[in-house]
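Chemist: So that we are looking at the same thing, I have put the structure below in structure tokens.
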Amino acid sequence: MFKDFNFSIYLVTDDAFFVDRDVVRTIEQAIEGGITAVQYRFKNKPSRKMYEELLVLRDITKQNKVALIVNDRVDLAIAVKADGVHVGQEDLPPDVCKKIIPEDMIVGYSVNNLEQLKDAMTMPIDYIGFGSVFHTKTKKDYKYVGLEALCKATNITSIPIIAIGGITHYNLKDVLKCKVKGVAVVSAILGFEDVKRAASDFKQMYKESLSMQI
């Protein structure tokens, strides 16, 4: 169940940030810095390599009580006993995923606008990744929806929403005002050489932003 996990700082991996980096060590450093969940997302990597990396990451994430979500690859998620799978508009439908995965695994679903959100509200999903909220280099083909749409999204559904797309230290406070359950980040952490420090700084900013809203 989604409530069993903390998705407040949800790291999403991207091929572009791992050209000269070790995947496992980099994610481990981000965990040491304070991320609470990680989505393993690679589009240009052999399945065997992904499986081997995920096996190691499964142990690390379990030890640190960090949720491990696998993007798109339901087979790999099942094979390594991940906490869940995340699918998009062109991937395997959520209802099909639910029929395949164990009952204790969750399904996340990407939604790019309010119309798609309305459709998603009828699906068997555990959380929604909504965005891109802002312009982002990692999703160049996505139109950004803005804060107004994000706030509307959290108001019209009880399904937990994770904000995604272009979220940085500079706009985090405004994003959290929309009452999201967490933020998905890529470059805000992976865009720095010292990933542990970047994650730690982002975590501190997250805490400060939340405290200002109380």
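Quick reminder: no glycine exception, Cβ is built from N, Cα and C everywhere.
Relevant sequence annotations retrieved from Swiss-Prot are reproduced here:
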{"type": "BINDING", "residues": "Gln39, Tyr40, Arg41, Phe42, Lys43, Asn71, Ser110, Lys139", "note": "4-amino-2-methyl-5-(diphosphooxymethyl)pyrimidine binding site"}
{"type": "BINDING", "residues": "Asp72, Asp91", "note": "Mg(2+) binding site"}
Chemist: Between the binding-site residues Arg41, Lys43, whose Cβ has more other Cβ atoms within 10 Å than any of the rest?
Modeler: Arg41
Chemist: Per 10 Å Cβ neighbour count, which of the binding-site residues Gln39, Asn71, Ser110 ranks highest?
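Modeler: Of the binding-site residues Gln39, Asn71, Ser110, the highest Cβ count within 10 Å belongs to Gln39.
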Chemist: Please list, in sequence order, the residues in the chain of Tyr40 (4-amino-2-methyl-5-(diphosphooxymethyl)pyrimidine binding site) that are at least six apart in sequence and whose C-beta is under 8 Å away from its C-beta.
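Modeler: Same-chain residues close to Tyr40 (4-amino-2-methyl-5-(diphosphooxymethyl)pyrimidine binding site) (Cβ under 8 Å, separated by 6 or more) are Thr13, Met50, Glu53, Leu54, Leu57, Leu68, Ile69, Val70, Asn71, Ala82.
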Chemist: Among all the protein chains here, how many other CB atoms are within 10 A of the CB of Asp91 (Mg(2+) binding site)?
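Modeler: The Cβ of Asp91 (Mg(2+) binding site) has 17 Cβ neighbours within 10 Å.
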Chemist: Please report the distance from the Cα of Asp72 (Mg(2+) binding site) to the Cα of Gln39 (4-amino-2-methyl-5-(diphosphooxymethyl)pyrimidine binding site), rounded to the nearest angstrom.
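Modeler: Asp72 (Mg(2+) binding site) and Gln39 (4-amino-2-methyl-5-(diphosphooxymethyl)pyrimidine binding site) have their Cα atoms 10 Å apart.
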Chemist: To the nearest whole angstrom, what is the C-alpha distance linking Arg41 (4-amino-2-methyl-5-(diphosphooxymethyl)pyrimidine binding site) and Asp91 (Mg(2+) binding site)?
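Modeler: The separation of the Cα atoms works out to 13 Å.
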Chemist: If one measures from the C-alpha of Lys43 (4-amino-2-methyl-5-(diphosphooxymethyl)pyrimidine binding site) to the C-alpha of Asp91 (Mg(2+) binding site), what distance in angstrom results, rounded to a whole number?
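Modeler: Given the Cα positions, Lys43 (4-amino-2-methyl-5-(diphosphooxymethyl)pyrimidine binding site) is 13 Å from Asp91 (Mg(2+) binding site).
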Chemist: Using the alpha carbons only, what distance in Å do you get between Asp91 (Mg(2+) binding site) and Gln39 (4-amino-2-methyl-5-(diphosphooxymethyl)pyrimidine binding site) once rounded?
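Modeler: One finds 16 Å between the Cα atoms of these residues.
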Chemist: Around Phe42 (4-amino-2-methyl-5-(diphosphooxymethyl)pyrimidine binding site), which residues of its chain at least 6 apart sit with Cβ under 8 Å of its Cβ?
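Modeler: In sequence order, the residues whose Cβ lies under 8 Å from that of Phe42 (4-amino-2-methyl-5-(diphosphooxymethyl)pyrimidine binding site) (at least 6 apart) are Thr13, Asp15, Phe18, Val23, Met50, Asn71.
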Chemist: So if I draw a 10 Å sphere around the Cβ of Asp72 (Mg(2+) binding site), how many other Cβ atoms end up inside it?
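Modeler: If we count other Cβ atoms within 10 Å of Asp72 (Mg(2+) binding site), we arrive at 19.
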